[in-house]
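Contents: one structure, followed by commentary.
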């Protein structure tokens with residue numbers, strides 16, 4: 001029995017489903033949906049599809065949950081800005097109801113909003129004071145420098161005209177000059193402008209005032225926080241000297257346009273020093289106040305973070321409950337809600353128990369009713385998987401979800417997918433590397449399951465059990481190929497062959513003699529490195545690819561037989577399965593038998609010649625290409641069966657379907673109608689059957705026949721990718737070993753050897769363990785989707801999507 005109380009998990013056929021109707025009293029509806037969400041075994045149908053979201057019964061409650069969700073998202077943003085993470089474990093259970101939670105979140109939001117607003121206001125004032133201090137420093141330096149220069153110049157002029165300057169007749173003239181200078185006294189503005197805008201700012205000032213300004217700029221080494229945006233910006237302190245109010249108004253507009261912050265500045269040195277002291281003191285006070293506010297905000301967010309996950313899950317659960325309740329219809333008495341949904345047959349008692357428990361816990365006077373409805377709708381597909389089988393099922397579902405109770409390719413994919421991958425990737429050294437990486441993912445499984453991973457890492461972690469099987473099968477096929485990073489080893493015994501004399505060391509297999517028993521498992525290591533290695537392995541892997549391909553395609557056709565038998569479709573058995581199995585095995589099944597016979601007998605027959613002249617010259621003598629007695633007669637028989645199976649696939653099925661359609665219509669004309677429901681049901685069936693179009697069925701069958709006949713050839717050839725990729729992987733591995741590692745090791749230099757080893761590791765990991773793994777994975781995926789599944793798998797169903805709190809908790813917000 002499974003943990004859900006149903007039968008043992010069966011992946012070959014999806015679970016038996018039923019359309020059920022639930023009648024739930026309104027006072028226990030919320031609790032009933034809650035318990036059904038905990039159970040997670042019913043998919044509700046929307047009975048209010050014609051209504052907009054605002055017209056539904058529980059629209060107000062959903063809006064309320066949405067507002068709570070907004071507050072929680074606001075808390076999460078604030079926690080993220082403060083560098084805090086919500087605690088995964090909370091000390092508080094679901095003791096709060098939604099009303100209490102709404103009040104509590106409102107209080108937290110009000111307090112946090114006030115703290116944040118005050119903090120932003122204080123920070124803005126602090127940033128302004130920092131800029132003001134910079135203006136006082138930089139502009140003060142300019143005025144100090146100008147004052148020193150003026151004083152020095154006056155001293156020089158005084159030393160030259162010392163006697164004349166003391167004469168009284170000149171005093172009125174000086175007073176007149178001073179009065180004139182007061183009338184043309186220059187005004188000035190100081191502030192900061194972003195460095196990126198400083199050049200444009202300067203050009204605009206000179207254009208607008210026609211050059212009648214004096215601009216001084218001072219670079220600030222460290223970026224400052226802009227009071228308006230709060231971002232770090234590199235700025236420049238400026239001082240603009242002008243004459244007249246008109247010029248001043250223009251300069252003020254330019255400052256506003258360029259985002260320049262202006263600050264007052266006094267020429268009096270004593271006032272400058274006093275302002276600097278006041279600004280520094282004010283900065284210290286604000287810093288203390290801001291730090292206190294940050295600490296208060298952090299403590300508040302820490303308290304919120306302690307319960308954030310549970311509050312968030314509670315709100316999401318509540319929102320999903322009301323969404324589900326909105327899918328239910330209200331009966332005419334407005335006292336009950338009516339629900340319809342799909343559920344597994346084994347979950348019937350569990351659903352009834354959940355309704356009964358909701359009735360008791362809500363103290364309802366009337367219990368919920370569960371009843372099964374009869375329907376001709378196609379049920380959803382539900383496979384109960386675990387964390388191991390779910391990855392393989394996802395591979396199948398990516399092609400298409402199985403039709404209800406259609407044979408599931410996922411059962412065979414668990415073995416065939418990693419095995420075909422390993423045929424292309426076979427190297428037990430590389431397999432061990434992938435195995436170690438996968439074991440790391442399995443050891444860290446619990447930690448990674450609760451972490452937010454990147455897209456590529458999340459995909460890799462999700463397929464960890466697929467990669468584990470791929471690694472194990474790669475080690476297995478690596479032992480068969482006898483390759484460890486392209487190097488052979490005498491693992492199971494000594495090689496069966498040895499050199500006849502020292503002269504056979506030129507790496508040819510001609511000079512080898514058998515001196516020991518046959519190597520017990522896999523390829524004899526003596527083949528590696530010989531001149532016969534490539535032709536031998538080419539022949540072996542090519543023939544092996546054909547055998548594996550024909551076997552898997554036969555499996556697909558056999559699965560179509562079991563599908564037809566399960567759905568009691570005799571036409572598909574006799575007009576589809578039988579001719580297909582005959583056609584495929586008359587040609588490529590026969591080729592597979594010839595390959596096995598040639599291996600057993602050691603014959604030198606040319607199989608290419610045999611297969612080509614089986615069509616071009618079926619009556620010609622085979623001569624040296626004959627592998628067994630009676631071969632010519634058998635080939636003629638198989639060729640005849642192959643030609644007969646093509647019209648067998650094409651012609652009978654459309655006519656038989658037409659005959660079935662006519663018989664049904666003829667039988668319905670004699671049915672006595674005693675019930676209105678039965679009459680409407682038959683009328684509905686007759687309407688559907690009137691849509692039968694013989695021409696469309698015939699064209700569809702013609703396309704299917706052509707596709708299968710051509711596909712039998714192309715799909716068999718497609719399996720040769722097993723040979724091609726296996727050879728490419730082996731040769732790449734050999735090149736990296738010989739041309740990188742051995743070449744570097746030939747130098748008596750430690751640095752060259754380290755560099756060579758580093759390049760070898762990078763090439764092995766980057767090319768062989770990453771790119772080749774992905775390539776072999778995609779090719780194995782294609783072989784399953786196109787060559788295997790199209791023989792029997794329709795994949796036009798839809799997934800069972802139950803209302804489940806477990807699924808809601810695992811979903812991203």
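Cβ from N, Cα, C; glycine included.
Marked as compositional bias 'Low complexity' by TrEMBL: 162-172.
The region 'Disordered' annotation in TrEMBL covers 153-182.
Per TrEMBL, transmembrane segment is recorded for 419-444 (among others).
Annotated transmembrane segment per TrEMBL: 465-482 (among others), in sequence order. Within its own chain, the transmembrane segment (465-482) is flanked in space by residues 387-388, 391-392, 395, 414, 417-419, 421-423, 425-432, 434-435, 437-439, 441-442, 488-489, 491, 521-525, 528, 537, 726, 730, 773, 777, which lie at least six positions past its ends and keep a Cβ under 8 Å from the stretch.
Annotation comment: TrEMBL describes 544-562 (among others) as transmembrane segment. Same-chain residues lying 6+ beyond the ends of the transmembrane segment (544-562) with a Cβ under 8 Å from its Cβ atoms: 407, 409, 412, 416, 420, 423, 572-573, 576-577, 580-581, 584-585, 588-589, 591-592, 595-596, 712, 715-716, 718-723, 783, 787-793.
Feature annotation from TrEMBL assigns transmembrane segment to 582-601 (among others).
Residues 575-576, 578-580, 582-583, 586-587, 590, 614-615, 618-619, 701-702, 704-705, 708-709 of the same chain lie 6+ residues outside the transmembrane segment (633-651) yet bring a C-beta within less than 8 angstroms of a C-beta in it. Taken from TrEMBL, the feature transmembrane segment applies to 633-651 (among others).
Residues annotated as transmembrane segment in TrEMBL: 750-771 (among others). Under 8 Å from some Cβ of the transmembrane segment (750-771) lie the Cβ atoms of residues 427, 430, 433-434, 485, 729, 732-733, 736-737, 740-741, 743-744, all in the same chain and six or more residues away from its ends.
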